[in-house]
Amino acid sequence: MRESVRKVLVIGSGPIKIAEAAEFDYSGSQALKALKEEGIETILVNSNVATVQTSRKFADKLYMIPVTWWAVEKVIERERPDGIMVGFGGQTALNVGVDLYNKGILQKYGVKVLGTPIEGIERALSREKFRETMINVGLPVPPSLSARSEEEALEKARQIGYPVMVRVSFNLGGRGSIVAWNEEELKRDIGRALSQSYIHEVLIEKYLHHWIELEYEVMRDKYGNSAVIACIENLDPMGVHTGESTVISPCQTLDNKEFQDMRFMSMDVAKSIDLVGECNVQFALDPKGYNYYVIETNPRMSRSSALASKATGYPLAYVSAKLALGYSLYEVLNKVSGSTCACFEPSLDYVVIKIPRWDLDKFENVEISLASEMKSVGEVMSIGRSFEESLQKAVRMLDIGEPGVVGGKIYFSKMTKEDALKNLKMRRPYWFLYAAKAFKEGATIDEVYEVTGINKFFLNKIKALVEFYEILRKQRNIDKDTLLQAKKLGFSDLQLAKALGVKESDIRKLREKWNIEPKVKQIDTLAGEWPAVTNYLYLTYNGTEDDIEFSEAGNKLLIIGAGGFRIGVSVEFDWSVVSLLDSSLKYFNDIAILNYNPETVSTDWDIARKLYFDEISVERVLDLIRKEKFTYVATFTGGQIGNNISKKLEEEGIRLLGTSGRSIDTAEDREKFSKLLDKLGIKQPEWISARSLEEVKEFISKVGYPVLIRPSYVLSGAAMKIVNNDLELMEYLKRATEVSPEHPVVISKYLNDAIEAEIDAAGDGKGVYGVVIEHVEEAGVHSGDATMSIPYRKLSSNVVNKMKENVHMIVRELEIKGPFNVQFVIKNNEPYIIELNLRASRSMPFSSKVVSKNIISLALDGILNGFGVDEFIELKPKSWGVKSPQFSWAQLKGAYPFLGPEMKSTGEAASLGTDFYDALLKSWLSSSPNKIPNKEGIALVYGTTNVEYLKIAAKNLIDYGITVYTLSEASIGIEEKSINDIIELIKNRKVEIVVTDGYLKHIDYEVRRIAVDYNIPIILNGRLGAEVTRAFSHPNVTYYEISEYGAGI
């Protein structure tokens, strides 16, 4: 029986941060679809401008405002919904729901919580209440005690005995959690742990060293019916956060009794918290005996549930939303299979592996070892019919330059067995690569198990891959049976070519000669045990026939996704994929998506006519084209991966949709692009190609420091650096040339004190439609970390006209057809071009939604029909839009927070306003942990660069009414405090905000680090600080639906 609700408010998760990523775009979108099917009016609160769900096709009304209780209350007051869903926006949404309930706001306006009740959520998320609940229902938990102060935590740890695990209540991604082996370690980190808890509570738990970690995904309706959708086995043992673990489904090493016992216990956990919808239950299993504990539960859609949904083909978020409306599991149809109800538990005839992706090399001083705090920024999911096939595919999907488990950089490095074992013991990311290296150098299974705790079942599989590869290398030739066996084990053509000393194309020719090709298999949730036809597909060599017939209809399109997220490639590229798909329906008979990211909307079952959940490579695209005969391949939505394969695809005779591979190569190669600008007479900073040290020194003696090193074919400023002296130059030039050794590195003069701006645009080879965007921070801060404004504020009309002329010239010269982005620096009223990206850009969802024109859709029209103009037409907004970066400093233990030309933010938020400061304030507040400072607290403002702006920020804060100090070691001329004084103030929770600028690690490392560890807002740029602090006193902050600002698409 459905709940009698007419209007439902859905709370989103806000900007992407470590441990709260695009899985909530997927889950929130599915919830909105489920509500719309019921004829229910939907209101969405979400400030994540990059997501698919913040497009008009999902919610009836959209508020891009901070996801906080006080902002959501304004929406409730305006819209008067009768229901609210808080389980589809991660921990952020749950915290907002709990606050709204505990403050009496939901009761005041008569808003019903749909799904799991708030009391159940609190029982799950408070470590103490959860422990008590488990004990009351007779479920085993590890020895543990809760604490709310540092002294209490130390006392409880003494009672339990070291080592202990500190778990944080009302928290995500294990933020602040630690393993302490002694009291000294606990004393050092417990203050940070308590600061990361929403309710200032931690659980001191006996540490279960090397125990196996398992997860069960449970659905439960309000009538008490339950179904276990997936069992996920973590290959990494307890102590490594599940978000950091390599995981596999179905579970491989459990016997039937173990599996069934924990299956029933997971349903008991769901019952104990009155779950309605979906939850994830985590267990610890003793590898040396039959003993297990319940660890925790997440009473909401989560990263694991998104993975389980994509792994099994069971639409968890959709079903969960239906259950929240009051339906039973028996009443809900599984729309993937189309033939079973939601009470059917999935059965798998394949193996799914998820591997996280880290970008730790972008951060200085960050702790590299994997532990109980999540640090990964994305993940990949592979599907195969053997562990080996699935694992090797997953390694390639990571896009870290490794061709598989064996045969890559680490495998052929000079690392000794002892070095490999040391890296394994340290828990460096991508342990399987070090395990393979250790086996290559003679390590035994027992030696690797001793330092990792990873089940020997998996280690034996990796060792067998090493042995097979080494035999291949010695043979230097291959027969038909061996080639087929290699492909079944997940070896790529490139991997085999390297082993045999031949070209990749030679292996492909052999496969074609011997008719060795992958088969297309479908995921139907039922392992073929029940009739079903699905569009959810993967490729495997462990099959004898294709599960589907291939359409001969012409005019077919393959859209390349962006793969696993990393810094610089996030949900904005998935928005581009879905936008292109929606826009292509009127042009193409058959459209398929190739992607492998389990977090995304584009990999959902009801988005494309066909979804190929598989690796993105030239080999795989050619396999698909051979079967499907696609007319076009679209690579411009695939981020850097798409651009990197575009030229090779074109060389293979594949037709690219939009701009040619030759033009993409010109734009991506820094030297070729710089020469193009010279040819067109377009200004750019002085530059030289770094081919020899002598040339570099000659150039620098001419232009002087600072200079900017810019490698080719990279995204998010990888290995890009401003250098100020010879020592820095030598250090970073080495790093840059390692990024892209086959392409020259360009060194250019860095323009100090310049404005940065960019243009998002669509071209048809002649005409251009574009949006001009201005950065708040000066040039030198990566565009992905910059605060952006539409419309521009400081640029003169003369400068903007020159920018538009330059862009128009480039479009004509390169015959740009499709979406693209051009970046400028403006110095002395002269625009200089610094970069051209011939693909969808990070900022395109923002610019499209602010000007109310989908640039991807516009670009497709230009590609296929043309614009009929030969000029630059500027798209302008009806209101102000500001986009702010989201940083995840608190998750990156030890990292030094600073901004530069290499991107460090993990997400973005945006808001609209009637003026710049209206939009800026809401946008900045949308990024965690930003908040309006309490006037009874203290602000800290200091720095040695942008000092005039820091002084403005200090004055604004004083006028606002808060006490302001500066750091005596980097003073701006107001009342000073020493570093030790400031650290004590932060620890005593007196500091409300920190505003600083520049790179001062030798002075203020401790100050910046403890500020983020204690969840204090920190602004790392003086110009932004001056603007945000002015916005604190802005009198007219609006909270309107986006259409009231004339925005949205």
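Placement of Cβ uses the backbone N, Cα and C atoms for every residue, glycine included.
The following features are taken from Swiss-Prot:
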- 1-399: region 'Carboxyphosphate synthetic domain' (REGION)
- 400-548: region 'Oligomerization domain' (REGION)
- 549-930: region 'Carbamoyl phosphate synthetic domain' (REGION)
- Gln823, Glu835: Mn(2+) 3 binding site (BINDING)
- Glu835, Asn837: Mn(2+) 4 binding site (BINDING)
- 930-1049: domain 'MGS-like' (DOMAIN)
- 931-1049: region 'Allosteric domain' (REGION)
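Over the region 'Carboxyphosphate synthetic domain' (1-399) the predicted model carries a mean pLDDT of 94. Of all the binding-site residues listed here (Gln823, Asn837), the one with the fewest other CB atoms within 10 A of its own CB is Gln823. Its own atom aside, the Cβ of Glu835 (Mn(2+) 3 binding site) has 18 Cβ atoms within 10 angstroms in the protein chains shown.
In the domain 'MGS-like' (930-1049), helix, strand and coil residues by DSSP number 53 helix, 18 strand, 49 coil.
For the pair formed by Asn837 (Mn(2+) 4 binding site) and Gln823 (Mn(2+) 3 binding site), distance between Cα atoms is given as 9 Å, rounded to the nearest Å.
Across the range of the region 'Oligomerization domain' (400-548), the DSSP-based residue counts are 75 helix, 10 strand, 64 coil.
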